[in-house]
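J.: Sharing a structure with you now.
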Amino acid sequence: MAKYGFIGTGNMAQAMIKGLLAQGVVPSDIAVASPTTAAKLAQAWGVQALSAQQVIQASDLTVLAFLPNQLADVTANLVFEDQLVVSVLAGVSVDQLVTATGSHQVVRTLPNVNVAINQGVTAFATTTLTVANQAIFHDFSTQLGTAIAVPEAQFAAFSAIAGSGPAYVFKFIDALAKAGVANGLADDLATTIATQTVLGSAQMLAASGQSAQVMQDTVASPGGSTRAGLDDFDQQEFDAVVAHAIRATVEHKHA
Ligand SMILES: NC(=O)c1ccc[n+]([C@@H]2O[C@H](COP(=O)([O-])OP(=O)(O)OC[C@H]3O[C@@H](n4cnc5c(N)ncnc54)[C@H](OP(=O)(O)O)[C@@H]3O)[C@@H](O)[C@H]2O)c1
């Protein structure tokens, strides 16, 4: 009996499988199905490549990880009964998942790519799950990072912050590193410094129990150079730039 099944084995499924393997899930406890990539993953990682129906039957929890517009086609000939189904399909509601699969044990999730290193943040909304399925989903999702129950109406906002957010953090690191280079640092060194600074600062903030606003003041002494930089960010309306980009992201996802 496989623990976890994946129907669709693209970027997101592979990120999740990497995260599970890194947590010590044995490859034979993961079953995968897809037209071509599943067989390659079986060879490369030792997971089991099966048909989609076999994956459902063999798994405690089956992840749907193909493209959202494939939902009706892929599920048309599959029998889920009341198996636990976890979807990562962006924009597909719990109700649509119940209709497509016939299962009433359904979780809609929105993971971000950081699940690959067990540092993901995943939004989820569910039907009323059995106690056993709640435990199975809890085990699964917490191996990949943090899982947060989010009302479905807030999935688009969550997606802009957590789903697209990693790209925006990479953009900030890139800008920080480029500024370092402009001020005389070597390229590689500037990137290493900027990356470790963001990583360490996020961990410091998470450990502090303080707000990000308060933590800025702990670094910036009055009249000091960091305060001069923060004041410059404010004059350039940095917060408004970020808010504008997030609005563009949210509106694009609803287009
Ligand atoms: N990428 C992200 O950061 C991200 C974030 C949140 C949510 N999502 C969601 O994750 C889902 C997958 O996205 P992705 O980026 O991983 O896409 P992707 O890399 O394009 O992967 C799509 C997968 O679907 C498989 N597939 C195609 N036809 C199939 C069929 N008939 N039966 C079973 N599998 C089939 C493909 O198989 P082959 O490889 O064998 O062709 C491929 O493995 C989407 O619904 C997306 O909304 C993605």
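Even glycines carry a Cβ here, placed using N, Cα and C.
The shown structure was predicted, so the numbers you read here are calculated from the model rather than taken from an experiment.
Sharing the features that TrEMBL gives for it:
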BINDING   Ile7, Gly8, Thr9, Gly10, Asn11, Met12, Ala65, Phe66, Leu67, Pro68  NADP(+) binding site
DOMAIN    3-91  domain 'Pyrroline-5-carboxylate reductase catalytic N-terminal'
DOMAIN    152-253  domain 'Pyrroline-5-carboxylate reductase dimerisation'
J.: How many of the residues that make up the domain 'Pyrroline-5-carboxylate reductase catalytic N-terminal' (3-91) does DSSP mark as helix, as strand and as coil?
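T.: Helix/strand/coil tally for the domain 'Pyrroline-5-carboxylate reductase catalytic N-terminal' (3-91): 39 helix, 21 strand, 29 coil.
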J.: Are there any residues at least 6 positions away along the chain from Asn11 (NADP(+) binding site) with a Cβ closer than 8 Å to its Cβ? List them or say none.
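T.: Residues satisfying the criterion: Val113.
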J.: In the domain 'Pyrroline-5-carboxylate reductase dimerisation' (152-253), how many residues does DSSP put in helix, strand and coil?
T.: 87 helix, 0 strand, 15 coil
J.: What residue among the binding-site residues Ile7, Ala65, Leu67 has the most other CB atoms lying within 10 A of its CB?
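T.: The residue with the most neighbouring Cβ atoms within 10 Å is Ile7.
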J.: Suppose you look only at the domain 'Pyrroline-5-carboxylate reductase dimerisation' (152-253); what would the mean pLDDT be?
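T.: Across the domain 'Pyrroline-5-carboxylate reductase dimerisation' (152-253), the average pLDDT comes out at 96.
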J.: When you measure from the Cβ of Thr9 (NADP(+) binding site), which residues in the chain that are at least 6 apart have a Cβ under 8 Å away?
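T.: Counting only residues 6 or more apart in sequence, the Cβ neighbours of Thr9 (NADP(+) binding site) under 8 Å are Ile17, Val32, Ala33, Ser34, Thr37, Ala38, Leu41, Ala65.
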